[in-house]
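Pulled from Swiss-Prot, these are the features on record:
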BINDING   Gly108, Thr109, Ser110, Gly111, Lys112, Thr113, Ser114  ATP binding site
MOD_RES   Lys217  N6-carboxylysine
BINDING   Arg381, Asp405, Asn406, Pro407, Arg408, Gly453, Glu457  meso-2,6-diaminopimelate binding site
MOTIF     405-408  motif 'Meso-diaminopimelate recognition motif'
Amino acid sequence: MKLRDLAGVLPVEGTASADLEVTGISSDSRQVKPGVVFFALAGTKADGAAYAADAARRGALAVVAGKSNSVAGLPVPVLTVDDPRLALALSAARYFGKQPRTMVAVTGTSGKTSVAAFTRQIWEQAGYAAASIGTTGVVAPGRNEYGSLTTPDPVALHQLLRELADAGVTYASMEASSHGLDQRRLDGVKLAAGGFTNLGRDHMDYHPTVEDYHRAKLRLFDTLLPKGAPAVIFADDPWSAPTIQAAQAAGLNVLTVGRHGDFLTLKRVEHERHRQRAEVEAEGVLYEIDLPLAGDFQISNALVSAGLAISTGTPVAKALAALEKLKGAPGRLDLVGTTVSGAPVYVDYAHKPDALENVLASVRPFTTGRVMVVFGCGGDRDRGKRPIMGEIATRLADVVIVTDDNPRSEVPETIRAAILAAAPGAIEIGDRRKAIHEAVGMLHAGDTLIVAGKGHEEGQTIGSETLHFSDHEEVRAALRERAA
């Protein structure tokens, strides 16, 4: 590709370098090699304009900067654009050029990882070569890689989509985080459909209000999806109505799912210990589904996934039958084991108020004894959610143990105190390993334990150091000790 091939995205007309070969796209000056186009992005911690000279020294073909950036005196062309992040995403899409032919994205506060994984599984069972991209990484035929970002940066994303397409993947589902949408990471992805799960308090360290957070989510529907594309929206959330209105205003084909859904209507559900039996109406036909996952929220996630699969061509009967073979996403109400007396221990990623409320409420119907929870809140993040989560835990669980969960640069005792202020009767055990072992030791027949916060993650960040720590490993170790 030559620089002139990015015309329409970048102002390359008349540039001396227009006929030179582009060898790459980057927003990290350390990755610049001769022929790479460098994008100077303004970030929260650093401004890419400060690294433009370094990029030029490393051989950048051109530097792309915003109109407000002071980038001058470089020995390479400086291309000025209104929105450097948008230009980066669109340039990356054009540079890498290919993606799976059917792409869907799902947004919401909770459930994105599960919906992306479930949609992939439905497609797989329908016989399609499918992939999912999100918080737990990339899963595709012959590929299972862990990742740390919900929505990868545009260069990594479009490179990945090219690799998946080259490997024969034709269907792909991905998570669309509010950060990713706001920072234009998904722009340039050709989406066939979009999904919405729910909205609750999250990322208040990034978004000034919940309304601003919701507006960021809506970019999926009012900006990224083409007119007429399916928008599969869970209908039973307080934020469903404004999301439906926005999608309709954008000219999308709104398909609602859930108890109040029109496209897939949940008529009845019966909870069992590790599974649920549901009746779902679709196109006037009633389907009985035996979902091998616990929790109301998993029914909701499964319906959004089925809606995405059906709206992109999977037959209704095949999609709903596939729900009976779903496997939960790693760290999402993940049954790690049971005690000798049969008490189950789950690990869940719930680190937000709504997610904690959902997971605790979901195990109550099949718990004959006590619901117990071990959780904490992260440091250097939304401080306002700490007492909210403390209140939720004490309201919905019978035994609450407050512990540490990535305190980062904050004093751990201060974080715990903020939670405990709204959690009368909660037990404080700062050491997360000890907290898990103590909780497992307290279990009796009929009890259920949730270890919340980390899910699939395998680290505990204290200060600037991340130490290896796995809730799964600690639960298994505690269960072995008690069984000995």
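Numbering starts at 1 and runs along the chain as displayed.
Quick reminder: no glycine exception, Cβ is built from N, Cα and C everywhere.
Everything Swiss-Prot records as a feature, shown here on the structure.
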| residue | record | DSSP class |
| --- | --- | --- |
| Gly111 | ATP binding site | coil |
| Arg381 | meso-2,6-diaminopimelate binding site | coil |
| Asn406 | meso-2,6-diaminopimelate binding site | coil |
| Gly453 | meso-2,6-diaminopimelate binding site | coil |
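Within the same chain, the residues at least 6 positions away from Pro407 (meso-2,6-diaminopimelate binding site) whose Cβ sits under 8 Å from its Cβ are Gly378, Gly379, Ile415, Thr461, Ile462, listed in sequence order. Counting only same-chain residues 6+ beyond the ends of the motif 'Meso-diaminopimelate recognition motif' (405-408), those with a CB under 8 A from a CB of the stretch are 351, 375-381, 415, 432, 453-454, 459-463. Residues Arg381, Asp405, Asn406, Pro407, Arg408, Gly453, Glu457, recorded as contacting meso-2,6-diaminopimelate, have a largest CA-CA distance of 17 Å. Across the fold, the C-alpha of Asn406 (meso-2,6-diaminopimelate binding site) and the C-alpha of Thr109 (ATP binding site) stand 20 Å from each other. Burial estimate for the binding-site residues (Thr109, Ser114, Asn406): highest at Ser114, by number of other CB atoms within 10 Å. Listed in chain order, the residues near the ATP site other than Gly108, Thr109, Ser110, Gly111, Lys112, Thr113, Ser114 are Val106, Val115, Glu175, Thr197, Asn198, Asn301, Ala355, each with its Cβ within 8 Å of the site Cβ centroid. Considering only the binding-site residues Gly108, Thr109, Gly111, Lys112, Ser114, the residue whose Cα is spatially closest to the Cα of Arg381 (meso-2,6-diaminopimelate binding site) is Thr109. DSSP assigns Lys217 (N6-carboxylysine) to a helix. The residues near the meso-2,6-diaminopimelate site, meaning same-chain residues not in Arg381, Asp405, Asn406, Pro407, Arg408, Gly453, Glu457 whose C-beta sits within 8 angstroms of the mean position of the site's C-beta atoms, are His351, Gly376, Cys377, Gly378, Gly379, Asp404, Lys454, Gln460, Thr461, in sequence order.
Cα of the residue listed as 'N6-carboxylysine' to Cα of Gly108 (ATP binding site): a span of 7 Å.
Scoring each of the recorded positions (Lys112, Lys217, Arg381, Arg408) by how many neighbouring Cβ atoms lie within 10 Å, the top position goes to Lys112. Taking the C-alpha atom of Gly108 (ATP binding site) as reference, the shortest distance to any of the binding-site residues Asp405, Gly453, Glu457 belongs to Gly453.
Here the CA atom of Thr113 (ATP binding site) lies 13 Å from the CA atom of Glu457 (meso-2,6-diaminopimelate binding site). Thr109 (ATP binding site) sits 14 Å from Gly453 (meso-2,6-diaminopimelate binding site), counting Cα to Cα. Fewest other C-beta atoms within 10 Å: among the binding-site residues Asp405, Glu457, that description fits Glu457.
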